[in-house]
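Database features (TrEMBL):
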DOMAIN    80-139  domain 'Potassium channel'
DOMAIN    169-247  domain 'Potassium channel'
CARBOHYD  78  N-linked glycosylation site
TRANSMEM  6-27  transmembrane segment
TRANSMEM  87-106  transmembrane segment
TRANSMEM  112-132  transmembrane segment
TRANSMEM  158-178  transmembrane segment
TRANSMEM  190-208  transmembrane segment
TRANSMEM  220-243  transmembrane segment
């Protein structure tokens, strides 16, 4: 009887989450404490330099800054900052809604906008999934199916390698160079933004076109949104291939384990000497 590999997958999934939690805590908690202490120290210095203010007034001003940031208003600069809701930025925001990226740095503030966003996502997310599905099929048009690639390695492996290499260059390697140049980020920050965006994780700590001190071309964010759509289709296909390979690997391992157990039981039965029959006379 074949043993289900599902419990192993569940345990592996939970272990992966626990491992991630421990590593993130180890890497980030100390830095967070440092930044928090530094911020409190800066507030104390500010109060010492401006004695006309008290702590309560400063805390109220900090609250105003936080509310402005939550509403999508960058506290830096002045009132001449470009609008977050011009057509290019609105097009970019619409893309983050239907792709479920949701950076979190910008959201509708009016009741009408919030209600429209709900229904827009309700129909837009399935439409986006259908579009990405068709786009993924188009990207995969010149590749053989995964089953034939596994069973008959050859030309399909070359095609898959070309597909992965080309997509990696177009969507993960070259775009960070552009973002680094335009946004002033390091290449590592640009690569981080690229992957976090295309994987639809979308933390919102890095978002293109939001620096008030830079002058962007009007179509910059719109072009970025188009790049995101094609990048999503490519990375989703890569993730699907990876998930399929992982499932096949787990099933194969369990199948081999089951065969080994079955062969061991058969050998054991064959090696056991036949027990003598005891004749009990009537």
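Cβ atoms are placed via backbone N, Cα and C, with glycine included.
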Query - Secondary structure tally of the domain 'Potassium channel' (169-247) (DSSP, helix then strand then coil) - result: 55 helix, 0 strand, 24 coil
**Report entry** Same-chain residues near the transmembrane segment (190-208), Cβ under 8 Å, at least 6 residues beyond its ends
**Finding:** 96, 99-105, 171-172, 175-180, 182-183, 220-221, 224, 228, 231-232, 234-235, 239
